[in-house]
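Asker: Here's the feature list from TrEMBL:
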DOMAIN    1-101  domain 'Cadherin'
DOMAIN    102-206  domain 'Cadherin'
DOMAIN    207-312  domain 'Cadherin'
DOMAIN    313-350  domain 'Cadherin'
Amino acid sequence: IIESTPPGARFAVGVAEDADVGSNSLQSYELETNAYFAVEVKDRQDGSKFAELVLCHSLDRESEPSLRLVLTAQDGGDPPRTGTAQLWINVTDANDNPPVFAQERYRVSLREDTAPGSTVLNVSASDADAGTNAHISYGFGETPAKVLQKFLVDVESGTITLKEALDFEDTTGYTLLVEASDGGGLVAHCEVEVEVLDVNDNVPEITILSLSSPVPEDAPVGTVVALLKVNDADSGENGQVSCELSGEAPLSIVASPGGSYKVLVLAKALDREEAAFHELVLRAMDGGDPARTGTARIRVTVLDVNDNAPVFKQAEYTVRVPEDVPVGSVLVTVTATDADEGLNGEVKYS
């Protein structure tokens, strides 16, 4: 009998035979006490009596897959005589149980450098039915195409694997809707939350927003020379960046309150005559382990200022001249130089 049979259904169980006649013949049937069935006695036209099994309460194969009941037939003699038969009732399965996941929500964390093909996790569902009604197949429910590009679920095992590489900077997490379907068409769902963990896979980037070059050599200490933006796409310590300068440049770094902007300022006075330009390397290092470093090269030219007076090659020249030297004769050549450049370094005599 299938377990979905409604109460009130009747089943013939045959006729008991009694060779006696009259009151000594078969008079009644009696069924062993149970929670599901009762017996009713029916009369045939020839006067014989037969039994019908009546279903009183719904069956449930999952709780009681079979029943063994004793049916007793009794005659009307004195003393009465009885005969028995065993009823073996097999309850066949109906697809009355949907699949049930072991968890309604699964959570898993994956590093963003997890290799494609790696197992994410295994979801598991069970079904209390039997046969094809209990055979479960897995798949994704209503899921965005972006998610389907990243993950794959095995139809038979429920194993979820990674199809494409993850990128924390693109997406920090995914929600997958997984469904389990049994052979009778009943479906259950669960959610899988995938957290993407950041890996220090991005090098700090240095962007030069503005650069003042050349810089007058008489610029005061503290003059802003350059404005830089330093950025690291990673998060947490992987995205925390510290900067340092290398080289002989008379510059120093001043961080803005937000931390992402850096200002290069003059740390000491310039002297073009000592150095006409300065080349330096700015290094940005993040807090990852191992750390990643980004660099930027900056060249600052020093603009000349007329801060040097001409200097004679000699402070004093002594010339002995005969008194009959002709007018227009060259007596001596004096030489002066100026450390400045351009017009500031051109020397005139008087």
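Cβ atoms are placed via backbone N, Cα and C, with glycine included.
Whatever TrEMBL says is automated annotation, not expert-curated.
Remember, it's a predicted structure, so these values are computed and weren't measured experimentally.
Give me the lay of the land around each of these features.
Answerer: Confidence for the domain 'Cadherin' (1-101), expressed as mean pLDDT, is 89.
Sequence-distant neighbours of the domain 'Cadherin' (313-350) (same chain, 6+ residues past either end, Cβ-Cβ under 8 Å): 272-273, 304-307.
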Asker: Do you know the DSSP helix, strand and coil residue counts for the domain 'Cadherin' (102-206)?
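Answerer: Going through the domain 'Cadherin' (102-206) residue by residue, I get 10 helix, 46 strand, 49 coil.
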